[in-house]
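K.L.:
One structure, as structure tokens, below. Some questions next.
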Amino acid sequence: MAQSTTTSPDGGTTFEHLWSSLEPDSTYFDLPQSSRGNNEVVGGTDSSMDVFHLEGMTTSVMAQFNLLSSTMDQMSSRAASASPYTPEHAASVPTHSPYAQPSSTFDTMSPAPVIPSNTDYPGPHHFEVTFQQSSTAKSATWTYSPLLKKLYCQIAKTCPIQIKVSAPPPPGTAIRAMPVYKKAEHVTDIVKRCPNHELGRDFNEGQSAPASHLIRVEGNNLSQYVDDPVTGRQSVVVPYEPPQVGTEFTTILYNFMCNSSCVGGMNRRPILIIITLETRDGQVLGRRSFEGRICACPGRDRKADEDHYREQQALNESSAKNGAASKRAFKQSPPAVPALGPGVKKRRHGDEDTYYLQVRGRENFEILMKLKESLELMELVPQPLVDSYRQQQQLLQRPSHLQPPSYGPVLSPMNKVHGGVNKLPSVNQLVGQPPPHSSAATPNLGPVGSGMLNNHGHAVPANSEMTSSHGTQSMVSGSHCTPPPPYHADPSLVSFLTGLGCPNCIEYFTSQGLQSIYHLQNLTIEDLGALKIPEQYRMTIWRGLQDLKQGHDYGAAAQQLLRSSNAAAISIGGSGELQRQRVMEAVHFRVRHTITIPNRGGPGAGPDEWADFGFDLPDCKARKQPIKEEFTEAEIH
């Protein structure tokens, strides 16, 4: 290095200043010498300058350029040693931030993905995002639903979000908040404010945040609003601050600057807020996401959404229980089977699903229609009535120790001989009266015999009223049996007593052969006492019978039936015990039967000769007129 001998007074100071400003490892090259000499005076002022020759001119220009390039590379590596985009750090950094900005102007591709991930990732520091306890009052400016993982807040209102980590993250860690659309058909769109709020003066004057950003940070001057140059995603980044003493959360105040219902913006499309914990070099240490809704009344909308969610859960549970029954093979029918007509309606209460069944054949269709109508009507029947019906069926199916009722004694061999041509049972068999001189009648009476046996063992007829009443009406009806008029909707004795609150008294009536309420119409309180009904139930049953008789208007034929039925059903003997008799429920009946009359001593026989037959004297005999006798001489002898 050569130095001139002549220097100005300020030359040394200037040189020292320039020399100290140079970096110690910089390399300098000399420029070509100008045509002027070193000692040439300019403008009449004597000046001199020092020239440094660090390289000789003999070195080629290409070699000097290569040396300059290597020197610049070393300088850039020291200036940005922490950049995640250098080859030295590419292998050491496992995960980069999807929202990190390019570190070099030569990068043409953005590292941020087109569709950011919204999967929760606690990471090594157990990153968590929580909210304070909030209410659903209509006056609340924000509220969070843990059930739905959804934040409800008003526009431009402060919403505190708590950040928690289990261990301190590395220095320089930042927290990023980015909005994305929730549904797949909208996820590629960028979430921005609507033009009305973006261009308006409200909430925009005096703000450092860009007008198009939806999310803002309040009370933090270190926040940065980022617009990805390739994907266009907008986000806001704030440095991570450790929690203060005595707390375990770091609170960040966010503002949402547009309503979810704004046209031109979100337009009622649901959004997700993605909160990520990132290092300085862009590595994601944790990720959390939740749904956001910006509305006018957060408390009301939260309550409505939670109620709807619970209803859907109940329906899903009900469908899951009935899922096995709905998955059947008969859902798929052959294509040749015609479809059901418009009259078929498949609707079930409490079930949203509708199923259609195709059936071949009209008869099968009608059977299934009856089943369908029965099931639909079953849903309309009150549960207490169903329980009463089931109790009645259990009582009817209970085995009884009593002998089953019979329609009279079995025909004796003598009756078979004399009545071999008959097809129908005799009058005596229908009314339960034993035939004369029949020793087999007494043991065959059973619990529903035709008469009662007194203490002496003689038969006492108890159905004289019924015989006389039907004797005058035997030729009125043209059929064997005319059905009675509709008395009551449910004539069952079990239903009647259950409705009165006396189900314990059923056995007292059924043990005596009383199975219908029409058998009890003319009972008195004394009769109920004879049936050994408990005293606390007697008055209730008697009043129920009185109300039943007053509420129904029976015809004359029905009244005759009731009188005859009760007369034949209840008879109190000398011992006070009640015996069961045979009851026939019929309004009119006519029996055609040919009987054999033995010889009674000629035409002079009186009416006393007919007393042993057990029925009234025929009109023809009372008028002394001969009756038709249908028998052969061989039968007489």
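Every residue gets a Cβ built from N, Cα and C, even glycine.
Because the structure is a prediction, the values reported are computed rather than measured.
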K.L.:
According to Swiss-Prot, region 'Disordered' applies to one of these ranges: 78-104, 510-536, 591-617. Which one is it?
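P.N.:
Within the set 78-104, 510-536, 591-617, Swiss-Prot attaches region 'Disordered' to 78-104.
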K.L.:
Determine which residues of the chain contact the compositional bias 'Basic and acidic residues' (301-311) at the Cβ level, with the cut-off under 8 Å and only residues 6 or more beyond its ends counted.
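P.N.:
Non-local partners: 136, 143, 145, 147-148, 150, 152, 293, 295.
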K.L.:
What is the number of residues in the compositional bias 'Basic and acidic residues' (301-311) that are helix, strand and coil, as DSSP sees it?
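P.N.:
The breakdown for the compositional bias 'Basic and acidic residues' (301-311) reads 11 helix, 0 strand, 0 coil.
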